[in-house]
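Annotated features in TrEMBL:
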- 199: ATP binding site (BINDING)
- 170-475: domain 'Protein kinase' (DOMAIN)
- 542-565: transmembrane segment (TRANSMEM)
- 586-608: transmembrane segment (TRANSMEM)
- 628-651: transmembrane segment (TRANSMEM)
- 682-701: transmembrane segment (TRANSMEM)
- 707-727: transmembrane segment (TRANSMEM)
């Protein structure tokens with residue numbers, strides 16, 4: 001076959017959805033033709049007359065299966081020359097490879113309804129690939145308390161209802177939406193004198209009982225249900241949401257350049273929907289005015305947060321949606337989204353779950369595992385799906401609302417249903433295209449990162465709950481929080497994260513080395529040189545003492561400090577866990593390091609004079625106080641600067657690397673964060689004490705090491721300025737983290 005001959009088989013999913021809606025009209029025409037034949041006004045219609053020759057082959061294949069089911073229905077229920085599926089093979093030789101279990105099930109159901117004995121063994125021999133699924137469906141049929149009407153019988157009944165009709169307690173006002181197996185009307189409930197959305201569908205599922213239990217601000221409220229048993233219909237009356245759907249928003253987004261997209265798009269979509277229904281007074285003007293200038297990425301995050309929380313609520317109630325797409329998200333007059341049309345009874349046995357049903361648009365939003373469940377050749381049951389499949393679909397939806405197109409834009413319907421599914425599964429397992437993440441501003445970059453995780457093919461790599469997704473989307477709205485928690489691999493923060501131990505050691509060691517150098521120079525000039533005039537070996541004794549003190553103090557200090565951050569470094573690099581204890585150690589690393597340094601230096605202030613005195617050196621009280629004061633000043637330098645250095649690193653790198661927004665223990669960190677904030681205030685005051693102490697020593701003691709003290713004073717003043725700048729940044733970052741943690745404790749962030 002030539003390339004030109006195969007080109008028509010490639011049809012985009014959107015084009016396929018549009019084409020299928022047109023081909024569905026052929027089914028309606030076929031039903032009408034059969035109605036005329038059943039009344040004796042014409043002969044039985046021929047299926048061939050309703051197969052357009054220029055349509056996509058794969059759509060024609062699905063249309064053929066649907067027409068066969070309609071034909072079976074009429075022939076068996078109207079006693080009009082009943083046929084078996086095998087009887088169609090002569091007219092359509094390729095049908096043998098296309099027959100699906102639901103077609104065979106329809107024949108068996110109709111034969112049983114007509115009083116015939118059904119033996120599945122006949123179909124097992126003729127269609128062995130359908131045998132297992134057919135047997136499962138037949139068991140469900142035999143154990144179901146309702147046999148009900150066939151899908152096309154229901155469709156015939158639905159077509160009878162038009163605006164102006166009355167059914168049960170409802171007056172039908174306007175058709176809001178329709179599908180192959182349901183109609184939704186705006187209706188007035190006479191007994192309650194209220195407007196409701198009335199859904200007419202087959203009376204065969206447990207949907208109403210389950211959905212009536214869902215009471216959430218972002219889920220369309222189901223009031224109740226009623227049955228019309230004489231025609232096998234169920235009336236489901238729900239909250240009326242007048243602002244259109246997210247499907248109305250997508251074309252506006254697509255037609256608007258990225259840098260011009262704002263909340264005005266959502267406001268215009270809601271306004272347009274309300275104007276079409278003559279209900280523009282339902283527009284929340286305060287919301288509209290406040291929303292128009294909001295960045296589009298923020299609007300998408302807000303929509304996503306609300307829908308994610310709604311899914312979290314439904315999933316906890318044991319309900320999956322399974323059909324998330326823009327058309328199933330209704331908008332209220334204030335722009336708030338409402339999830340509708342929970343397809344909780346999704347399975348191969350559900351009415352309308354055949355391949356044809358997916359061409360209405362749901363297919364493009366399915367997760368890879370949901371596509372596998374729809375694939376006849378893959379052993380995956382719909383019951384194996386969980387809430388993470390819904391989160392994948394929500395990710396596709398939010399991506400489309402954000403960018404005006406879905407992440408997999410070039411997907412197409414190919415030669416047959418199975419090949420189409422296999423192509424889509426492979427695309428999803430390969431992940432979204434790289435250009436999907438080509439965004440620059442912080443808000444869009446944050447949103448793209450979250451959506452990228454939603455679209456992970458591996459369910460373990462996705463958000464594990466709607467609540468977790470909502471928390472990440474809310475952090476996207478808090479720009480400082482997002483940058484603090486997510487840019488941790490960039491620039492100097494990335495280098496520190498790769499070498500956290502080295503950063504900690506350098507942050508402590510460098511100030512201590514500077515303090516040691518000053519201490520040696522100052523004490524030798526002020527104390528040792530004058531004492532050398534009367535004690536010949538005092539200089540050597542001082543250096544020996546210095547060597548011993550440093551040889552003991554530095555290892556003790558390093559070992560002690562490292563013990564206080566045990567488990568932090570593996571957690572920061574991603575090779576260890578993140579627990580409340582480890583996060584606490586990370587946040588308090590500066591406090592602990594500073595405290596250890598100050599304690600060791602203060603202790604050394606007593607060690608030097610005691611050793612010298614016990615070695616026979618005549619130490620005056622002035623000498624002893626001098627040692628203590630100078631080493632205390634060095635201790636302040638060795639405590640304050642490591643404190644700010646390590647606290648800076650902890651708040652900027654260590655702690656953000658350890659934060660997991662899904663961690664339920666995160667609120668426990670609030671006390672530690674507040675404590676660190678208080679320590680920063682204390683550290684700033686101690687930093688101010690260093691230059692003051694140096695100046696005091698210079699003035700009071702008449703020091704011979706004036707140059708050293710002047711350098712210490714100037715350095716201390718410069719250090720105070722650095723500490724003050726660090727304090728301001730740390731204060732803002734700690735407030736940001738407290739904001740995240742505090743709202744996480746109430747189940748909300750930002």
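Note that Cβ sites are derived from N, Cα and C of the backbone, with glycine treated the same way.
Taken together, the residues of the domain 'Protein kinase' (170-475) have an average pLDDT of 85. Counting every protein chain shown, 24 other Cβ atoms lie within 10 Å of the Cβ of residue 199 (ATP binding site). Using a Cβ-Cβ cut-off under 8 Å and counting only residues 6 or more beyond its ends in the same chain, the transmembrane segment (586-608) has close neighbours at 504, 507-508, 512, 515, 523, 542, 545, 549, 553, 556-557, 560-561, 564-565, 568, 571-572, 627-632, 634-636, 638-640, 642-651, 654-655, 658, 669, 672-673, 675-676, 679, 683.
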